[in-house]
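A.B. asks: Have a look at this one before I ask anything.
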C-alpha cells in the first residue's frame, strides 16, 4: 500500500496553542426593525450553510446542472444499498486498496450469514410481538364494545325515564287543566349578515410589520429553526349586560336554547302536589299492634293518623288528654276500630309463648320412666327406705340424721329392668314448700307411714299435697320389724283422711316394708312399675328439653348449680336454657351418681352448671333457640318480679284491716338478720320458720337472704344495720371472717334448721318488754299526821292487813280514789328505823316528794316483780 500526501489536504494536529474544533456552519447577524409610533426591535438573523460529506468541491455547482428539490428528496430518503464488493476509493484521495484474501472473504461471508440468522430471529420475535399486540388490541376492542353497549343501554334507560317523566307531566297537566300554550310561530325577517372583518396579514415586511405578527424561530440542535404557531385565543364571553338579552340571532340559534332550571322544576312539582292534596284520599286500613299501655302519639303514628284526631275522639267520649298521655289497650282498640283499622292485641307476656306445653307429634312419642316422690312425717324412714332401694347410705351424711334437701335418684328395677326416678322430700314442718314442689313434678307418691307411730301432722299434709296435685298414692307402712308395730292401726287412721287401702275395699295400694331389714322392697318396686304401666307415661325425647328446678345452690368452685328434673325432651351440653329470671348455657351435666354426661332424657335428674345466677327452686326450665330470646324472657320475668316486690312493699292504701295492721307494726321492734344457706330449698324453709316467729311487738327483719358462702359485702351490710349473720351449711371466707372480727359482727353457723330457729327465737325474746307483776304486801290507816322540821310530814299509821316494807311502792287512797303513787321513804317504829312492820302494829311513814296526807287516808303497800317474756 502506497501512502501519498497532497499539498491541499488539511492536517489534523495537536498544538498547545490551538484546540480541536469544527468550523461553524451558522453565521449570525442582527437586523433592526422599525414599527409605527417610533418603536424598534432588534432581531437576530441566522444564516445556516449546507453540510457537505466528502471532499471539498472547488466551487458551487452551476444552476443548470442542479436537480430540483423534489427530485432529490426521494433519493435522499432511500437507504443506501449494501455493496457486494468494496467501494471504490475516493477520487483524488491517492489511496490504493488491496484485494481481500480468501480468509477475509470467508469471514465476511460467515458474518453475513450470522447477520441473516439474527435478522430472521428478530423478524420472528417481531411477529410474535405483533401477534401479542393484536390479541391485546382485540381484548381492548371487545372491552370498548361492551362499554359502548352499556353506555347505549344507560342512555336508552335515561331516555325512557325522561319520556315517562314527560308523559307524567302531560297527564298531570291534563288532569288539573294546566295545558301548556303552544308557542307562536316566529316571524320571518330578512337579516343582513355582517361582513366578515378583513383578515389580518400573516406576516409583514421587516420594515413595516407589527412585532406581534413576526414569527419566532426556535432553533433545536441538529435541525433547522422552525416558526412557533401561537394558539388561537378563546372567544371572549359576552358582556354581562348582553348575556341576558334575547336577540333575533340568539332566538334562532339552536345552540343557545335555555333549559329549565332544577329550582323551577321543583316549584312546579310542589304546585302539582298542592293541587293533588285537595283531592279526597283513599282510606288505608292498617293492622295496628296495640300493647297493654300506649301513648296517644304512638297510637296515632301506628295508625298513620293525626294525633289531633285521636284526641278529638277521646274528647267526644268525655276524656281530656294530651298526646303524651298513656291510655289502656281497651281504649286504644276502641279508637282504632272507630277509625276503620284492625287491631292486634299483644302483651308483654307474649315473649313466653311457645316455651312450655307445646303439642308433640304423635309419631315421636316414646315411653318414659316414672317419677316417684317419697313423702311422709319426720323420722318415719323415708330416706332409709330410699337408701335400701339404692343400696346407698344417705342418712349417715345428713346433718342430725334428718333430710333438709330434696334429693333425686334413679333406681333400676331388678324384675323389669326399667328405671325409676325417686325424689326424696323433707318431712319437717318447715319444709312445706319443698313437699309441695315434689308433689307437682311427680307421677306417683309413696306415702311412708311408720307402723309404730301412725298418722302424724306431716303425713296429713303430704296426703293433702298429693290430692292437690291429683297423683296416685302408694302407702308404704314402714318399720314392721319393730315389736310395737301395728299396721292395721295405720290403715284405720288413714280412713279418717279419706285414704282407703285395697285391703279395706279401696283403690289405694299399700305395702308393708322394712327399710332396716329390706323386707318387701321388691314388692314395692313391682307395685310402682305396675302403677306406671297403668298411667301409660309417654313423651317426646327428640324435642327441646323442658323441666323443673328441684333445688338450686351457689357452689364456690362451680358457680350456680341447679338440680333439674327433665320432664320432656332431651337436655344437652351447650343448650341455651331459661329458668325463672336466670339464663345461661349448659356447661356440664352431672348425674345422680356424680358422673359427667353429655345429655339427659325425660325423667332423668341431673345437676346443671352454667346459669348466670342460682334460679329459684320450683322454676320451670326451658331450652330456647338463641340468647336473644333468652334475654327477652329473663328481662320480662325480672321486671315482673321487681313490680311485684314494689307492689308488696309500697304504701298503697288497702283495706281497713291492712291499715290497722300497718299501725300495729309502727312500734314493733325489728331483729335484723342476714341469712346465707347452701341451697334454695333450705333458705325457703328458714325464711318461712322465721316469719312465723314474728309478733306485734318484735319480728325478724331479713336484710338479705341468698344462696352461697358469706362474703365481705354481707359483713359490710351487717355493720351498717348492726345485724347478725347466720350461715346454714355454709362458711365465711377468710376476708369476711377477718372483717367480722374487726367490726364486732357476730356470725353463727348451723347445720340443723331447728337449732337455728331456737337460737333466733331466744334472741328475739330478749327484745320483748318484760311483764310487770304486782304483789300486795299490806294496808295501813293514817291515825295522825305530824310535821317534823327536818323530815317533813310524817303519818302515824296502824297496819291493818299484811305487812309494810321500807322501799316498797305505795298508793295513797282517799275516799276510795288513788290520789298518789310513789315509794315509801321512811318507816319507823317509835324512834327506830325498821325494815318491816307487821299487822296490828303502829308505825310512822313518810313518802318521797309528797306531803299531802290526811287523817283517815289508807296507804296500800305493794311490790313490783319483773318477769322476762319469751316467744
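Cβ atoms are placed via backbone N, Cα and C, with glycine included.
Keep in mind it's a predicted model, so treat the numbers as computed, not measured.
The following feature annotations were taken from Swiss-Prot:
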COMPBIAS  68-91  compositional bias 'Low complexity'
COMPBIAS  115-174  compositional bias 'Basic and acidic residues'
COMPBIAS  182-206  compositional bias 'Low complexity'
COMPBIAS  225-241  compositional bias 'Low complexity'
BINDING   376-383, 424-428, 478-481  GTP binding site
REGION    376-383  region 'G1'
REGION    401-405  region 'G2'
A.B. asks: Return the average pLDDT for the region 'G1' (376-383) as a whole number.
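C.D. replies: The predicted confidence over the region 'G1' (376-383), as a mean pLDDT, is 82.
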A.B. asks: Counting by DSSP, what is the helix, strand and coil composition of the compositional bias 'Basic and acidic residues' (115-174)?
C.D. replies: 60 helix, 0 strand, 0 coil
A.B. asks: Summarise the region 'G1' (376-383) as counts of helix, strand and coil residues per DSSP.
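C.D. replies: Across the region 'G1' (376-383), DSSP assigns the residues as follows: 2 helix, 1 strand, 5 coil.
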A.B. asks: For the binding-site residues 376, 379, 425, 480, which one has the sparsest Cβ surroundings, going by other Cβ atoms within 10 Å?
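C.D. replies: The binding-site residues 376, 379, 425, 480 were compared, and 379 has the fewest Cβ atoms within 10 Å.
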